[in-house]
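As given in Swiss-Prot:
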type	residues	note
BINDING	36, 37, 38, 39, 40, 41, 42, 43	ATP binding site
DOMAIN	4-234	domain 'ABC transporter'
């Protein structure tokens, strides 16, 4: 196992900068997830750690060794790709031991490692099968096993679940989490799926247009996003945003005016906030309240009702706001499309963002953070 450090790492192709001044500390045995939209540079960052992409400037360390000029095969990393890339004419055991065979490992060593990893991944009964006889989840486990038998110090996974159906993704997500707990290896995982990031990670790195937007534990990013981008990316359905204007400030409070002219005091850091400033109020769909238990409410027309059984998601068009708000309740809510529906805003669950997108620090203490 080993730690990974990136110091001012930049990657550019000509004038196009895809990763800019990346600084990260990944601790020994940590499970870190790089998450962000397509094109944010997360896979490029992983490939630089693997040695598959050169670093334009900055330094990469694995353990105590600077790795910028070290070939991929000598870095002690193992990588699992979105594609299984299994040899169809080889058995599961032969696929898993292929890298060791090329490296000149003895047959006894190969057999021992393959059998050990097969037990961990529940593949022992499948070692003689060919890939065509395996399910998608089994093939992905073989690809993971092929990397594990090489005993890498750092384990890299580039969107390994993207080719699987929804049910299989959930199953494999659980298996990868169990695998990390059992092995204690340093793992770096790339995904665009924020649910995977929230459920797997010890620490999440949110990337936006080649920069690190925020690094933190899953609940920290959920409850205390550093900016509007992170707030909108982490959480599903995503956070609602309302245009507001600052009408007053006090110590550790900011008063804003909502689109319906109601005013609400928010428990957020007020330093640097100017009266009259245009800002954005954010609130998650699951934090909105029924209007009868809230002091500050918004009313609008129901556009869409999504009944999911265990919860209801209601899309509401609020006058003077171009986009819908989404209200989420963990129950069945019987309401017709076109009906008038009111929702409440609890001040302690609201977020406030400046015009540049940065967040005013929330002062309400959330559990588990």
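Backbone N, Cα and C atoms are what each Cβ position is placed from, and that goes for glycine too.
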Residue among the binding-site residues 38, 43 whose Cβ has the most other Cβ atoms within 10 Å: 43
Segment-level pLDDT (mean, integer) for the domain 'ABC transporter' (4-234): 92
Residue 42 (ATP binding site), number of other Cβ atoms within 10 Å: 26
Proximal but sequence-remote residues of the same chain as residue 37 (ATP binding site) (Cβ under 8 Å, at least 6 apart): 192, 208, 233
Binding-site residues listed as 36, 41, least Cβ neighbours within 10 Å: 41
Around the Cβ of residue 40 (ATP binding site), the count of other Cβ atoms that are within 10 Å: 22
Residues that sit under 8 angstroms from residue 39 (ATP binding site) by C-beta distance, when 6+ apart in the chain: 209
